[in-house]
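According to Swiss-Prot, the ATP binding site annotation covers G11, R72, Y73, G102, D103, G104, S105. Taken from Swiss-Prot, the feature ADP binding site covers R21, A22, V23, V24, R25, R154, G185, A186, D187, K213, K214, H215, and the record attributes it to sequence analysis. Sequence annotations record features per position, and here Swiss-Prot assigns Mg(2+) binding site to D103. The substrate binding site feature in Swiss-Prot is assigned to T125, I126, D127, R162, M169, G170, R171, E222, R244, H250, I251, Q252, R253; the stated evidence is sequence analysis. The annotation active site, proton acceptor is assigned in Swiss-Prot to D127.
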Amino acid sequence: MKRIAVLTSGGDAPGMNAAIRAVVRQAISEGMEVFGIYDGYAGMVAGEIHPLDAASVGDIISRGGTFLHSARYPEFAQLEGQLKGIEQLKKHGIEGVVVIGGDGSYHGAMRLTEHGFPAIGLPGTIDNDIVGTDFTIGFDTAVTTAMDAIDKIRDTSSSHRRTFVIEVMGRNAGDIALWAGIATGADEIIIPEAGFKMEDIVASIKAGYECGKKHNIIVLAEGVMSAAEFGQKLKEAGDTSDLRVTELGHIQRGGSPTARDRVLASRMGAHAVKLLKEGIGGVAVGIRNEKMVENPILGTAEEGALFSLTAEGKIVVNNPHKADIELSSLNKSLS
């Protein structure tokens with residue numbers, strides 16, 4: 001394989017630029033030509049395919065977002081869209097593609113492979129909801145950003161003796177809420193994978209204040225409900241505390257990636273190129289126990305929930321390849 005391309009698709013994630021950089025420089029070191037596909041699958045169909053060299057990716061490892069830009073393009077799920085994209089790949093002599101994104105992006109990569117263009121998926125999403133990898137590119141940065149914001153909110157929460165409901169991103173996965181909640185010592189962590197009773201949370205808040213507690217921090221995953229709705233239900237259940245709600249929003253998707261995300265993205269990008277050089281496609285790169293691994297894309301993109309709650313109130317990890325997490329210290333809302 002002499003000529004490959006790289007694209008980013010779906011929601012952006014810190015570390016995508018580091019992955020692109022690794023793909024380009026590893027490919028050059030292997031004697032391959034590299035092209036960048038701008039604006040994801042939409043750009044592929046439109047022919048926004050341009051050559052990249054080592055200088056093209058200079059000084060981008062520390063930048064958030066993706067310099068190739070990204071876009072959601074549901075039309076690529078249809079055969080007509082796929083054939084238009086493939087026509088452009090053939091026009092530019094592309095023989096393989098590295099796709100950086102989430103589960104939707106992976107489906108596109110699988111379609112390319114089925115049409116004879118080996119594609120490798122790299123898990124680029126802050127949600128950490130891709131099966132077959134302990135961590136996704138961008139997750140560590142998003143958790144760190146959420147942690148920093150929650151720490152700041154804790155200061156004002158304590159000053160005014162308030163209860164704060166803080167909504168974090170994650171789509172249908174509770175990973176960001178879980179990790180950021182543990183890291184900040186949240187009083188309650190509410191995630192889609194675990195049930196909760198509003199009256200229990202109200203009782204916990206009340207008991208805390210009666211014992212002299214100055215404030216309460218509730219970290220809420222967006223996949224459960226909005227912070228505004230949760231706050232309203234909390235009041236309806238009898239909460240009488242001075243309540244405020246905050247949605248951290250897209251700040252979690254931006255910013256300079258952490259060292260862990262930069263290294264993870266660099267390792268994954270380089271590994272993807274090595275796979276393409278061997279003619280391998282239809283797989284997603286992951287990390288398990290700090291080692292690079294490959295998994296079939298289709299199964300990776302279509303697995304179900306990562307966590308579930310047992311009848312005894314314990315969280316179990318459905319995906320055996322997710323990183324082990326110490327769950328015993330979580331609050332009563334998870335038990």
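Heads up, the Cβ atoms here are built off N, Cα and C, so glycines get one too.
Bear in mind that the values here come from a model prediction, so they are computed numbers and not experimental data.
Known features from Swiss-Prot, placed on the structure.
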| residue | record | DSSP class |
| --- | --- | --- |
| R21 | ADP binding site | helix |
| R72 | ATP binding site | coil |
| S105 | ATP binding site | helix |
| M169 | substrate binding site | coil |
| G185 | ADP binding site | coil |
| I251 | substrate binding site | helix |
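G104 (ATP binding site) sits 44 Å from K214 (ADP binding site), taking the C-alpha atoms as the reference points. In terms of Cα distance, the binding-site residues that sit within 10 Å of G11 (ATP binding site) are R253, chosen from R21, V23, R25, G185, I251, R253.
The two recorded residues G185 (ADP binding site) and R72 (ATP binding site) have their Cα atoms spaced 36 Å from each other. With the fewest other C-beta atoms within 10 Å around its C-beta, I251 stands out among the binding-site residues V23, M169, I251. It is 22 Å from the Cα atom of R72 (ATP binding site) to that of V23 (ADP binding site). Here Y73 (ATP binding site) comes close to S9, G40, Y41, A42, V45, G81: these same-chain residues lie at least six apart in sequence, with C-beta atoms under 8 angstroms from its C-beta.
Residue annotation for ADP gives R21, A22, V23, V24, R25, R154, G185, A186, D187, K213, K214, H215. The furthest Cα pair among them is separated by 54 Å.
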